Amino acid sequence: MASKHNAVFKALELAEYLKNVFTRLMQEKKRKQAETDRKRAEVRARLEEASKAKKAKKGFMTPDRKKKLRLLLRKKAAEELKKEQERKAAERRRIIEERCGKPRNVDDANEETVKRVLREYHNRITSLEDQKFDLEYVVKKKDYEVLQRE
C-alpha cells in the first residue's frame, strides 16, 4: 500500500515539475514575443524616420515596396519563431531525459531483468527522496533564520 502511495506521490511530483517547466517555457515564449514586437517597432520607427528624412526622394517607399517589406519581415519573424520553438522543444526533451532517464523496455525481459530494473528505479527514487529531504531541511533552516532576523 505504501509503495502505491509513493508511486502516486512520485507521479504528482513529476506532474508538478512538468507544469513548472511548461510555465517557464511559456514565460520565455512571451518574453521572446515581446522582444520580437519591440524589434519590429524599432524597424518601423527607423523606416518612418528614413522616409521623413528623405522627403526629397518622394516615392522611395511605394505601396508595393512597403507591402514586400512587410511580407519579408513577417516571413523572417515566422522563421525565427519556428527555429526558437524547435530549439525549446529539443531543450525540453533533453532536460526531461536528463532528469527522468530513458525508459527501460521490460516487455520481453525475464524476471531477473525486471527485478534489476525495479531495484535501479527504487535506488534512484530513494536517492531523490534523500536529496529532497536535504533541500527541505535547508529551506526550513533559512526560513527560520530569516524569521529570527525580523
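From the backbone N, Cα and C atoms, a Cβ is placed for every residue, glycine too.
Features as listed in TrEMBL:
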- 68-98: coiled coil (COILED)
- 33-52: compositional bias 'Basic and acidic residues' (COMPBIAS)
- 28-62: region 'Disordered' (REGION)
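When averaged over the coiled coil (68-98), pLDDT in the model lands at 94. Assigned with DSSP, the residues of the compositional bias 'Basic and acidic residues' (33-52) fall into helix, strand and coil as follows: 20 helix, 0 strand, 0 coil.
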